[in-house]
Amino acid sequence: MASLSSDEWRAICDKFTNAQNLTDVESRNDPENDPFRSKYKARELLREIYCSLKSFEAGEGDEDGGAESSEQRTAEPPVDGQREDGFGEGFSGDSPAGLRAAKLGAVEYYLGVNHVDTEELSAGEEHLMNCMKQLARCRVTSENVSLFIHVRNQLGILWAGRDETETAQGFLETAESIYQRYMKEDGSPPTDMTEYFTSEEKLPTHQERTKRFELAYTHTMYYLAQVYKNLGETERAATYCHTTLQRQLQLNQFSPMEWALNAATLSQYYITKGRYMEGRHCLSAATVISGLAGEVPSEAVAQESETESDRREQLRQKRAEIARCWIKYCLNLLQDSKKLLEDNIGELDTDRQEELKRARRQEEEDEEKGRKSALLFGSEDTFDSIASLEEKVCCLFPLDFTEARGVFLVGQNYVKQAKEYFQMDGYVTDHIEILQDHSALFRGLAFFEEDLERRCKMHKRRVDMLEPICNDLNAQYYLLIRRQLMFELAEIYNEMMDLKLTLANRQADTQSLDNHTIKKFNSLCSASAKYFQMFLDSLCSPEGKVPEHLEEEVLRPALVARFRVARLHSRLISPLPSAQLDNLNKSLENYKYVAEYCESHPEAAAAVETELELSKEMVGLLPLKINRLKAKMATNN
Amino acid sequence: MKAKASDMHSKDCVKVAVRVRPFNKRERDAGSRCIVSMVSNSITIQDPRDSQNRRLFCFDYAYWSHSGFVRDRRGLFVPEEPGGRYADQDSVFQDLGEGILENALQGYNATLLAYGQTGSGKSYSMVGYGPNKGLVPKLCERLFEDIRENQETRQCQVFFSMLEIYNEQVVDLLSRVSRTPGGLRVREEQQRGFYVESLRTVPCESASQVAQLMEQGTRTRTTAATHMNANSSRSHMLIILQLKQIFSKESITKQSNINLVDLAGSERQRSSGSEADRLKEGTAINLSLTTLGNVISSLADAAVGRKVVHIPYRDSVLTKLLQSALGGNSRTVMIATLSPADICYEESLSTLRYAERAKRIQNRAVVNESPTERLVKELKAENARLLQRLSRLGQEGRRANDETSKTFK
C-alpha cells in the first residue's frame, strides 16, 4: 500500500461510503421512469475505486505475474460443490498479496451485486466470478472469509433466478462448509468487507463484526432452505428453515411476533409429518417468544392513539393465529392416536391399547434421546420457559381417556383464546373453522370415553355448537362451509342414534324397546337423514335438478350420503306397515341411485367400492322385503 | 377464430381464455416477429432466440385477434371474411360475458378476472375502444336491457362500487373523502360474507352511468398511483356490481354480485403477497429474511395431505373478497391477454404460465366424511340375515307350493 498516499486512500474510502449510501438509501427514492438512477451512480464510483486500486497497486511486487499464472490455473471458472475451496494453497489472507486480492475481489463483488440489482445478470455474473477468481488465489482467513461467504450467497441467488437450482445449490453448500470449517479452525470475528474501504477510526467492533458475519451465514441457511424446497427436498428445507429461526434467536436478530408466527407455521409442517415433538417445540417457542412483544394495549389505550390501536390489533391477531396452530397440534395428536387404536369398526381396540402402553416406556426413552439431538430453540432466558410450556401437553400419542383428556383440555383452552379474537361478527370463516376444530376435539375425546351416556353428551355438545350456524349462514356465500357442516351434523346424529340404541339394548336385555326410546331413536335417525338430504339438495341446480355429473370433490361424499340416507330410512321404526313401506321404498330409491350412477359413470365406482357392492345387494334384496310387506298388508286388509 | 373446449364439464373452477392482439405501432416499427400461434383452443409460443424451444398451452378458449380483420363502416373490427379466424369483441362477449350475465340474473355470483402485462390489450378486452366496446360495457348494456325488458315480473336495483387493493390495503376509488390511513377494513358477516366496510356504493340506472363512474374511478386510481409513487400495474382493481332482483309476485329476492377484476400484472414486482404473486412460478430465491414466513408456509402447504393444519395468513384481501366467487355455484372467467411480438416473449410466457395455474384456483373446502366401516359391517350382517330369512322363506314357499300342488293333484 506504499504507493497509495493517505489522501488518495481517504478519497477511495469516501467514494465507497458514497456508493454504499447511493445503493442502500438514495435508490429507494428513484423515480419510476428512472428506477436505477442511484445504482448507476454507485456503479460509476465502484468502477473508479477499482481503477484506482488496480493502477496504484500494480507492479508492487510479483502479484500480477502471479495473477497470470493463477488465472491459468483456474482457467475454468471454479464451480463450487466439486471441491472444498479456500483451505488449500494460496496467499494467506493477511499477506499484502492476499489483502490486495480481497480488496479487488470485494469491489468486483459490489459491482456484481450492483449489476444484478439493475437486472444485468450476465454482467453481474462476470463480476462475481472475477471476485471468485481473486479469492481462488487466497487461503481462507479471518481477513477474507466473509467475502468467501457473501459472493457465494450472491451466486446462489443469481443461479436460482435462472432456474439452475443445482448450480445455486453448489455455491451455497460450499459457503456452508467454508463457514463451518472456518468456525472450527479459527472462529475469530472476521473482517467485514466494508472494512476494506473504511478509515481506521470507523472500524466496527468485534461484536459488530461477528454479527454481520453470522447474519451472512444465516442468509446462506435461508437460501439453502429455498433451494431445497425448489428441489422438492422438503424435509431438508424444513431443517434449514428451522436452523434459520434458531440462528435468528441465538444472534438476537429477530422481531418477536414475526419470529413466533414463523415458528408456529413451521410446527404445522412437523405436524403433517407426524413429528409431534418438533411441532410442540416450535409452538412452545412461538408462545414464549410472542410474549416478548409485550402486553396487548387495552381497548381504552387503543382508542387514544392509532399506533396503539394498530399494535393491539397486530398482537391480538398474531397470538390468535398461534393459538390456532396449537389447536391443530392437539387435534391431530388425538386423531392420529385414534387411528392407531381403533378396530375395524372404529371402536377402541383394547388389545392394541395394552400393546401400545407396554411399548410406551421405550418411546419415552426415545423422546428423551430425541430431545437431546433435536435442534432446540432458545436463548438463556427463554430456554426454561419454553421447556416448561412443553411439559403442559404430551407429544406422545395419548393411549387412554385421561391422557386424551389432557390433550383435549389444552386444545379447548386454545379454542377459547382463538375465539376471543376471531369472533363470529367480523371473522365468520375463521370463527367457524375454530368451532369445527372444537367439535373435532370432542369427537377425538369421545372415542376414548367408555361411558356411553357421557359419550353421547359430548356429541350433543357438537350439535349445539354447529347446528345454529349451519342454519344461519347465508347459503350463497357460504355454500361450501355449509356443506361441511351439514355432513358433519348428519354424522353426529347418526352416531348419537347408534349410541342410544346400544344403551337401550344394554339396559333392556331384550330386543323390545320402550316407546320413549323408539321416539328418541326415530328423531335422531330423521335428523341425520335430514342433514344428509340437505347436503344432497345443496348439489342441485338452481331449479332443483339433481346434477347428472358429480364433481370430483363431492363425488364420494354425495354417493356416501345417498347410501347413508338409504340405510337410515330402512332403520326408522314404525308400527304402521304403510309407513314401513314408505321408508323401505325411499331406502330402495337411494340404493338404486348409487348403483345406477356408478353404472352410467363407471369411473365413480372406484371411489365407493364397498358402498356400491352393498347398494347393489340391497337393490336385489329390498324388493323382496317390500313384496313380503305388501303381501302381509294385503292379507291383513 | 374462437374455439371451445369440447368436453368440459361445467366445473366450478375458473374458465380461462387467452387472447392475442395485433402488433402495435412500436412493435411494427421495430420489425417485430409474431411468436404466438393458435390451433383450436391451444396456443404455442416460440422462444425468439431458440426456434426449437416451443411451449404449448391449452385453455378453455383461445382468441386470435392478431390478424385477419378489417374495419367495417361502423368502425368495428370484424373478420376479413365471414367465418374467418379473427375473434372480435362480439365473439369474446358471447363466450365469456353471456355466461356471467346469465349467472348473475339467476342469482349467483360471477367474476371476470383480467390478467396481462401493461399494453397487452387488457383494457381493449375489458373496456374496449370507441365503437369496439369491451366486455364490461357490453355486459352492462345487456344487464340494463334485460332489466327493462322484464320490468313487469321483477324490480331491479343495481349498485356500483370500485376499489383498489395495493399492498393488501383497500382504497375506495369512488370516495370523495380523503383516504383512510391503512386502508378500509375487510370484514365478514354471516349474511353478507366478506365485504369492505364503509365502501361507497352508488345506485345505477343505466349503462352510461356505470361507464361514467368507471371513468371517475379510473381517474382516482391514476392520481392515487402517482401520489404513492407507485405504478397502478402493481395494484388490483375491483369493480363490484351488486344486482338485487325483487320478484313481488313470488315474493322472493335474489341478490348477486358481478366482480370485475383487473389483476396486478407487473412481472418485475416481487412478493407483495398478492394473489398474482402467489400464482407466479417461483424458483427464484427470496432475498430478505422477512419472507421466511412465506417459505415456511409453502412447505407446510405442500405437506398438507390428509391432515388439516392451520397456516397463518394464507388468504390475501383479494382472495377473501372473491371467496364466494371461487366455488359453489358461482362462475369465474379469466381472460389473459398477450402481445404477439418477439420482444415480449418473457412476459407473454409468464402470462401463459400464470393463466395455466389460474385454471386450478379453487376454493378449497372439502367435505371430510368419517369412515363408513361400522355401517358397512352392520349392513353386511343385515344382508346376511335377510338372505337367510329369504332363503328360508323360499324353502317354505317351495314347500307350500309343493303342498298346494299335492292337494290339487
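One is the number of the first residue shown, and numbering goes on along the chain from there.
Backbone N, Cα and C define each Cβ position, glycine as well.
These features come from TrEMBL:
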{"type": "BINDING", "residues": "B:Gly116, B:Gln117, B:Thr118, B:Gly119, B:Ser120, B:Gly121, B:Lys122, B:Ser123", "note": "ATP binding site"}
{"type": "DOMAIN", "residues": "B:13-361", "note": "domain 'Kinesin motor'"}
For B:Lys122 (ATP binding site), what is the secondary structure state per DSSP, taken as helix, strand or coil? helix
Which of these binding-site residues has the least crowded Cβ, counting other Cβ atoms within 10 Å: B:Gln117, B:Thr118, B:Ser120, B:Ser123? B:Thr118
Which of B:Gly116, B:Gly119, B:Gly121 has the fewest nearby Cβ atoms, counting only those within 10 Å, among these binding-site residues? B:Gly119
Cβ contacts within 10 Å for B:Lys122 (ATP binding site), all chains included, total 25
Mean pLDDT across the domain 'Kinesin motor' (B:13-361) comes out at 84
